[in-house]
């Protein structure tokens, strides 16, 4: 048996039901609300004979059903506030950013203003749905917010949120580990890190105490210790509420923390598709032409595999590069002890204030260093387009790769 998932939006299906006079409880159309009207957003404004009217887009109804309604009949103060805010924002941005005096007694909006207001309303709805989708799919308690006060860009197209590696066919990211530590109070002499020949990565405050370059071995699903074990940090997911936001300097989306993060704290895991290095080289050429960087080489022990977070990933997909970052990369082993396939965790390098953008150095990934010296020795097919860095750090190297 097979099926094709429905690609139509909930609103499209609701519109179809109402047009055809159909009921469908699963999408919220019942006898009770089949003919009901709820304001989705406001499209336009006019004044006729001293009465203020707004053009209303009704939720679950096509735009052809929009109607002009007197303001006194509207019981949607937040939507009215959004409408006025979007109108004033547009008027203040015209003429190359020179602020104009906003008149409060205009009788009608120019088409360009109304068009912007509608686009902004649709964007607001799309970003809200995206936020709800992200929070449904995440596997940790902390919230994910979405914010764009810069432009009309909506949710990314062709991006799918995942919580763990998505292996390409033929790649096994779980090596069938069948044993764990027997500790009742980790860490003990026979705890997982010591069995692997390394020290416990965390101190009593559950903060990182090892130097960059050393691996982290956490207790796994076969260990006797419980979920409160101090050696279970990365596997629990990010503990901080984060916000995916639109940057104002041409770097696209970014991520900022909504909570203070202390030094050496686990922040998030970098996940995506696990592919071979050969496939990564092929995709890398395409990404370079687009000016994107999502390939993360798993080169702890070898360079056989790469993580590609372009289409599949989590919040880390949106974390920008900086030559002076506040996050550091560490290799983590939990239920897979294959040295070729470590999990990638990002830890804070210093105290990060609430509202501050999170960044890491893309060259921490162990990718080929394409400086002017090393690039000369590569064949033409392996020379990569250099992506200009916009991190703004004092020590900026000028390029992402």
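Glycine is no exception: its Cβ is also placed from the backbone N, Cα and C atoms.
Quick look at what TrEMBL annotates:
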type: BINDING; residues: 181, 183, 186, 191; note: Zn(2+) 1 binding site
type: BINDING; residues: 181, 192, 219, 223; note: Zn(2+) 2 binding site
type: BINDING; residues: 186, 219, 225, 229; note: Zn(2+) 3 binding site
type: BINDING; residues: 251, 252, 253, 320, 321, 362, 390; note: S-adenosyl-L-methionine binding site
type: BINDING; residues: 323, 389, 391, 396; note: Zn(2+) 4 binding site
type: DOMAIN; residues: 37-95; note: domain 'Chromo'
type: DOMAIN; residues: 179-237; note: domain 'Pre-SET'
type: DOMAIN; residues: 240-363; note: domain 'SET'
type: DOMAIN; residues: 385-401; note: domain 'Post-SET'
Round to the nearest Å and give the CA-to-CA distance linking residue 181 (Zn(2+) 1 binding site) with residue 223 (Zn(2+) 2 binding site).
5
Quick check: which same-chain residues outside 251, 252, 253, 320, 321, 362, 390 lie with their CB within 8 A of the centre of the S-adenosyl-L-methionine site CB atoms?
247, 254, 319, 359, 391
Quiz question: given the binding-site residues 186, 219, 229, 389, which has the greatest number of C-beta atoms lying within 10 angstroms of its own C-beta?
219
Between 323, 396, which of the binding-site residues has its C-beta surrounded by the fewest other C-beta atoms within 10 Å?
396
What Cα-Cα separation, expressed in whole Å, is found between residue 391 (Zn(2+) 4 binding site) and residue 321 (S-adenosyl-L-methionine binding site)?
7
For the C-alpha pair, I'd like the distance in angstrom between residue 229 (Zn(2+) 3 binding site) and residue 223 (Zn(2+) 2 binding site), rounded off.
10
Binding-site residues (251, 321, 390), the one with most neighbouring Cβ atoms at 10 Å:
321
